[in-house]
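K.L.:
Handing you this structure, nothing more for now.
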Amino acid sequence: MSGKKRTASSTRWMQEHFDDHYVKLAQKRGLRSRAAFKLEELQEKDQLIRPGMTVVDLGAAPGGWSQIAVKLTGDKGKVIACDILPMDPIVGVDFLQGDFREEKVLEALLTRVGADKVDVVLSDMAPNMSGSDGVDQPRAMYLVELALDMCHQVLAPNGSFAVKVFQGEGFDEYMKAVKDAFKVVKTRKPDSSRARSREVYLVATGYKL
């Protein structure tokens with residue numbers, strides 16, 4: 001067997017082992033998805049969420065990020081989650097099922113937020129992938145643009161934003177838009193993010209619009 005083949009085989013094995021580790025760890029800890037570890041890593045580096053904060057979690061189902069957020073905000077905080085898909089209840093999380101592009105769903109979400117605005121907007125949204133970059137990338141960019149629009153509607157001054165973005169066409173323009181809206185923007189690739197994935201997370205702090 002050639003060195004190249006050994007390397008490819010080893011890489012596949014390592015990736016499978018890596019994936020199994022986070023899937024099993026999520027199950028062991030009672031977390032609903034391996035994605036929860038991504039938010040934990042972002043929190044460890046950037047301290048986005050503190051006790052008493054109000055957090056909006058977009059694309060929340062099955063609830064991995066909401067599980068982490070509600071622990072971090074504590075009894076005096078508030079987590080408002082929204083997804084088109086259903087999500088089993090999480091104690092302390094106010095879940096709204098629906099498409100926030102629809103006016104009635106958006107109004108319901110804004111009612112839950114109230115007049116005080118929110119401290120953090122989270123988005124781990126991703127489209128159903130077809131395998132075609134020409135289809136998937138525009139869909140993915142559309143979702144992250146919606147998430148940034150939500151910041152403009154609900155985020156308090158100096159608030160924070162964490163969003164999953166897929167690198168590709170439209171990424172640079174989106175990065176500029178986020179930098180225009182926030183004082184500091186960092187790009188993160190959590191260890192729990194699959195190495196083969198083009199996903200990265202933008203962590204933006206100091207909302208200024």
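Cβ atoms are placed via backbone N, Cα and C, with glycine included.
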K.L.:
Among Asp46, Asp99, Asp149, Asp172, which residue does Swiss-Prot annotate as binding S-adenosyl-L-methionine at the site that also has Gly63, Trp65, Asp83, Asp124?
P.N.:
Asp99
K.L.:
What's the CA to CA span in angstrom from Lys164 (active site, proton acceptor) over to Asp124 (S-adenosyl-L-methionine binding site)?
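P.N.:
The Cα atom of Lys164 (active site, proton acceptor) is 5 Å away from the Cα atom of Asp124 (S-adenosyl-L-methionine binding site).
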K.L.:
Which residues in the same chain, at least 6 apart in sequence, have a Cβ under 8 Å from the Cβ of Trp65 (S-adenosyl-L-methionine binding site)?
P.N.:
Ala35, Ala36, Leu39, Asp57, Leu122, Asp124
K.L.:
At a 10 Å cut-off from the C-beta of Gly63 (S-adenosyl-L-methionine binding site), count the other C-beta atoms across all protein chains.
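P.N.:
Neighbour count, Cβ to Cβ under the 10 Å cut-off: 24.
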K.L.:
Can you tell me the three-state DSSP label for Trp65 (S-adenosyl-L-methionine binding site)?
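P.N.:
The three-state answer is helix.
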K.L.:
Sorted by position, what residues of the same chain at least six away from Asp99 (S-adenosyl-L-methionine binding site) have a C-beta under 8 A from it?
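P.N.:
Spatial neighbours, sequence-distant, of Asp99 (S-adenosyl-L-methionine binding site): Ile84, Val105.
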